[in-house]
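Quick look at what TrEMBL lists:
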type	residues	note
DOMAIN	83-416	domain 'G-protein coupled receptors family 1 profile'
TRANSMEM	67-90	transmembrane segment
TRANSMEM	102-125	transmembrane segment
TRANSMEM	145-164	transmembrane segment
TRANSMEM	184-205	transmembrane segment
TRANSMEM	246-270	transmembrane segment
TRANSMEM	357-377	transmembrane segment
TRANSMEM	404-423	transmembrane segment
Amino acid sequence: MENEMNLTNSQEVLRTTTCQQIAALIKDMHPSTYESRNMTREAFILLIHPPNCIPQQYLGVQGVQKWFFIILLAFFLIFGLFGNILSAIIMFRRSRRGLSSYLYLGLLAITDICVLYSGCLLYFLGLAFQYKPQLNGTISCRLNFYFKHLFTYISAWLIVAVTFERFIVVRFPIQSIRICRLRIAYTVTLTIIIFFSIYTAHGFFTMGVLSPLLQTDKYYDPDYRVCDLIDNEKHRHILPLIDLCFYSVIPSIFIFIFNISIIITIFHALKQRRTYLQANSYLPTTDTYTRTFNQKTKSSSSTRTQFFRSRSAESSPAGRSFIQQGRIYHNGLNKNNFQQKSQQVLFDSTSATGIRLTCLLLLISFISVLCTLPPSIRAFTADLRTPQESTVKWQIAELVTTTLMYFNHTINFVLYCLTGRVFRNECRKLLRGLWALKDIQISCTMSS
């Protein structure tokens with residue numbers, strides 16, 4: 001009777017302990033503990049061992065859901081690479097005209113490739129093959145954290161920079177000619193890179209390979225490891241909050257404010273333009289015929305005068321040389337003023353080009369906000385759950401939010417194609433040029 005009471009009390013104590021503590025007790029158990037009850041070691045372990053403390057490797061999400069996310073991530077890696085390369089080439093070509101918005105978009109495409117292959121690739125390898133190179137040691141964990149977070153920060157704030165620049169163009173078109181220049185764009189980009197390179201360096205001191213308690217209702221994994229913040233109360237809860245603000249909250253607030261201001265300003269400008277055109281369409285028409293006849297007479301006489309002047313000028317060598325010099329001078333002006341005209345078209349927020357670019361940037365920024373908020377919130381609330389909660393549900397939530405984040409770094413090429421006919425034509429020409437390279441035969445001639 002006394003032995004049964006002791007066994008009952010020991011079982012009650014074991015129910016309140018964790019699986020790791022039970023495993024440690026079983027490992028250090030003295031033979032007298034089970035021999036006094038006339039039991040073998042294996043029988044006593046089965047008697048006191050809870051069902052949810054059976055050691056087993058945690059494989060995460062399995063079945064159809066796993067393969068769906070694997071195929072989706074593989075598509076992001078392939079399509080994101082080629083799409084962002086084409087986008088970067090076309091945007092950098094456009095930025096040669098002096099348009100700083102295209103410089104930001106070209107740098108954004110390069111940064112998106114870095115995000116995909118510093119984060120999405122490792123996530124894909126861990127999901128598909130259970131291969132996680134960032135867990136091989138502390139150095140690999142810290143390097144992976146540094147580059148992955150650095151590229152995500154740069155990508156988020158490049159969108160803020162290009163949205164702010166478009167806000168300046170729409171709200172202050174005259175001042176934007178002096179502000180929205182390549183030199184300022186280079187300075188802003190360099191500032192973003194330097195700032196986040198310094199800030200993200202905290203990962204070399206705060207990150208490490210940990211073995212947290214992973215316990216479910218059925219089993220627990222004693223060998224489970226993650227690359228996470230070192231368990232230190234000083235930065236355990238502060239750094240995730242700062243990361244949430246830098247990557248998602250602050251950029252989302254800025255993007256939302258700038259986009260709302262852009263939309264309001266454009267609608268107001270279009271309304272004023274429509275009112276102005278309607279007012280000009282109701283001019284008095286009493287002397288319309290006389291004005292039209294005088295304009296036609298003047299234009300015809302000026303045309304005949306220019307024709308005879310040109311004929312007389314071409315009849316003499318001096319005149320022909322003067323005309324040739326004028327044509328050369330005119331062509332030089334066209335080449336010098338091409339960049340200025342391109343900037344004027346871009347800075348006109350009510351023109352077709354300006355509206356298309358504004359709609360494109362609005363789409364990019366809004367999609368960025370929708371895709372970056374959920375993973376940031378999930379990462380911030382990850383420590384709020386207890387270890388006994390369903391790990392599979394949290395794994396599915398992590399898969400969905402992470403896939404949504406990498407979708408943000410893949411979709412920009414599709415947005416460029418949907419909103420710009422000129423971009424589609426340039427992309428088609430670029431692909432034709434690359435396809436034509438396969439017909440070029442390179443011959444190597446060797447001589448003594």
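Start at 1 and count along the chain as shown; that gives each residue its number.
Using N, Cα and C of the backbone, Cβ positions are placed for all residues, glycine too.
What TrEMBL says about a protein is an automatic prediction, not a curated fact.
If one looks beyond the transmembrane segment (357-377) by at least 6 residues along the same chain, the residues whose Cβ comes under 8 Å of a Cβ in the stretch are 101, 156, 159, 162-163, 166, 170, 243-244, 247-249, 251-252, 255-256, 258-259, 262-263, 266, 346, 349, 400-402, 404-405, 407-408, 411-412, 415-416, 419-420. Beyond its flanks by at least six residues, the transmembrane segment (102-125) meets 70, 73-74, 76-77, 80-81, 84-85, 87-88, 91-92, 94-95, 131-134, 144, 147-148, 151-152, 154-155, 158-159, 161-162, 165, 182, 185-186, 189, 402, 406, 409-410, 412-413 of its own chain at Cβ-Cβ distances under 8 Å. Sequence-remote contacts of a segment are chain residues at least 6 beyond its ends whose Cβ falls under 8 Å from one of its Cβ atoms, and for the transmembrane segment (145-164) they are 101, 104-105, 107-108, 111-112, 114-115, 118-119, 134, 185, 188-189, 192-193, 196-197, 199-201, 203-204, 207, 227, 243, 246-248, 251, 254-255, 258-259, 262, 361, 364-365, 368, 372, 405, 409.
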